[in-house]
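A short write-up of the structure that comes next.
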Amino acid sequence: MEIKWLHLKSFRNYQDQEVDFRPGLTILQGENGQGKTNILEGIYYLLTGKSYRVHREQELARWGENEFHLYGDFIVQRRKLRLESHYQDKRKIIKINQIPCRKLSEYVGTINVVFFSPDDLVMVKGGPAERRRFLDLHIAQHHSKHIQLLNAYNKVLQQKNALLKQGQGGSKSQIAQIELWNEQILRIGSEIIRNRWEFTGLLSRKGQEIYGQISSGKEELTMDYHALGKNNLEEALAAFPKLLAEKMSLEMERKMVLIGPHRDDILFKLNERSARLYGSQGQQRSIVLSTKLAELEVIRQEKGDYPLLLLDDVLSELDRFRRDYLLDYTKSLQQTIMTMTSAETLTQRASLLLKVEKGQIGRIE
């Protein structure tokens, strides 16, 4: 998978900018605040329909503008694809080869991408919501139906929460309505749990192998998906309906939904100890690096091709051994795009070196 050309219009600090890319390693060089990360964000948004930095599309528009437009030419298994994403009048329009997509699920996963930045450390150090978001974003690239499941589940969750907030003191009418919503939570939630569990298993096996190489076999990495307090899939699915019934009174008392995949978590462990609680900063960075590279391998196995890799100033956060490991790894990929403040030590590795300054992009010969 490869990007050939990108056009950003009224996106972030870019008024109207086009960029041509090459296979191999592209380095975007420039001082902080010049727009390097915005290029990666534009590519990521174009491929996933989402930003990894903000939740509101309006924040992506250039200052003083109410719209933005993104275009990109890609090669996927020798096929040429033109992707477009337009935000205008508070509406998002996405197109593949000029044909509008009715749903985001028709679009996501057409071209796969893996993004890695220092902020990804939150995947280990942060809360369960950050880890669920990581899983869901990347499952969606493999299985477009997962987006539909998440949207449907969130709607049911909102409806049940609204019902619980009404109170009604556990009347027969309220209980009957809660039971109806519980049926939907059970049906949709079980599919979400199964998808997350399967993806975590694939990721864990590959991540364990890569982490072993990074740590020279000194530590063993495991990733366990915990659903409904269980670390076994069949046990979790069997307990789901029982927990929904048992916790109904407590949910009515607290006026919020307490049971479902919206409260699940993925646990990273080193030698059976919590990496979040006991891992050093270096170990936690190694876990994130291993997980991201494992994700690349999982996509390659499923799609038959490596995804596009975007690296946002990650080398400065890694020690020399891990930095060299990552750079050597990128040699096997079709294309990697990386941001740096200075690329002096990597000019021989790069197939394309670009200078980014004040929203302008130029080649460095």
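Keep in mind that glycine also has a Cβ here, set from the backbone N, Cα and C atoms.
Residues or ranges marked as ATP binding site in Swiss-Prot: Gly30, Glu31, Asn32, Gly33, Gln34, Gly35, Lys36, Thr37. Less than 8 angstroms from the CB of Gly35 (ATP binding site) sit Arg12, Asn13, Tyr14, Val356, Lys358, Gly359, Ile361, each of them six or more residues away in the same chain. In the three-state DSSP classification, Gly35 (ATP binding site) falls within coil.
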Check: same-chain CB within 8 A of ATP site center, minus Gly30, Glu31, Asn32, Gly33, Gln34, Gly35, Lys36, Thr37: Thr339, Thr341, Val356, Glu357
Assigned conformation of Gly30 (ATP binding site) - DSSP reduced to three states: coil
Lowest local Cβ density (other Cβ within 10 Å) among binding-site residues: Asn32, Gln34, Thr37: Asn32
Least Cβ-crowded entry, counting other Cβ within 10 Å, from the binding-site residues listed as Gly30, Gly33: Gly33
Least Cβ-crowded entry, counting other Cβ within 10 Å, from the binding-site residues listed as Glu31, Lys36: Glu31
